[in-house]
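This report refers to the structure that appears directly beneath it.
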Amino acid sequence: MATRLHLPRRIKLVVGYRGTRYHGWQIQPNVMTVQGTLEAALQKIANEPIRVHASGRTDTGVHAVGQVVHFDTTSPIATDSLLRGLNGLLPADIVVKRVRDVPADFHARYSARRKTYAYVVYNHPLRPAFHMSYVWHVSQPLNLSAMQTAAQVLVGQHDFSAFRAASCAAQSPVRSLTRLSVKRRGKRILFLLTADGFLQHMVRNIVGTLVPIGRGQIDAEAMSGILQSRQRKRAGATAPAQGLYLVRVMYPPRLASPLSLAPQIC
């Protein structure tokens, strides 16, 4: 009997992971990465080589609540079976939350229109006993109002060169930041940022500038000058990776998931 051939299909996954023990998202030789771990599980199920494409690459130690990836396969497996199979094979610090077939022109990275990142600061004199790998511990009191005032200077379309890594390969430093909120939740301070795209280390460098403002080391009014200078040395140090979370990736309605994502951070 002839082998039945299956047409290629494109599948979208929404993935969450704790980045603590991974050398970032992108596959690399001789080290454990999120991409490499996910591809190995997919290949066992699909019984064919699989290469996944993500909405963006997260650095070592960075977490994700709603990373979006896509891949092509000829496997006829049902999406609900794939969801169960992947979560049965993956380690406890990676979870596939959603699986769906998508149009062939969907691309996890290039179809994205906006992304939301969260950064969590644990603001208390004593360090957290169980959450040091998921927050930035700042022991000094932080002035929430000063950070909120400075944050609003960055909302809008700007050249964010002052907040990009020296190794950033983006062709343009201009981004449209539509949201930058700073809220206190008990002992935690939550920074939420939404933009049409982010430069390398942009979120961590913004937070690394807002925290010294909260400490009183930098005036809130100085944020405008830092932004306009376009000089990385004028901004604060890069905040630690472990407080950063990729929360959500948004797509045009035709390509978006019919289910909304309601993430919980920490």
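All positions are counted from 1 along the displayed chain.
Each Cβ is built from the backbone N, Cα and C atoms, and glycine gets one as well.
Pulled from TrEMBL:
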type	residues	note
DOMAIN	16-111	domain 'Pseudouridine synthase I TruA alpha/beta'
ACT_SITE	ASP59	active site, nucleophile
BINDING	TYR117	substrate binding site
DOMAIN	150-252	domain 'Pseudouridine synthase I TruA alpha/beta'
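Counting other Cβ atoms within 10 Å of each Cβ, the lowest count among the recorded positions ASP59, TYR117 belongs to ASP59. Between the C-alpha atoms of ASP59 (active site, nucleophile) and TYR117 (substrate binding site), the distance comes to 13 Å. Residues in the domain 'Pseudouridine synthase I TruA alpha/beta' (150-252) partition by DSSP class (helix H, G, I; strand E, B; coil) as 35 helix, 31 strand, 37 coil. With DSSP classes pooled into helix, strand and coil, the tally for the domain 'Pseudouridine synthase I TruA alpha/beta' (16-111) is 24 helix, 24 strand, 48 coil.
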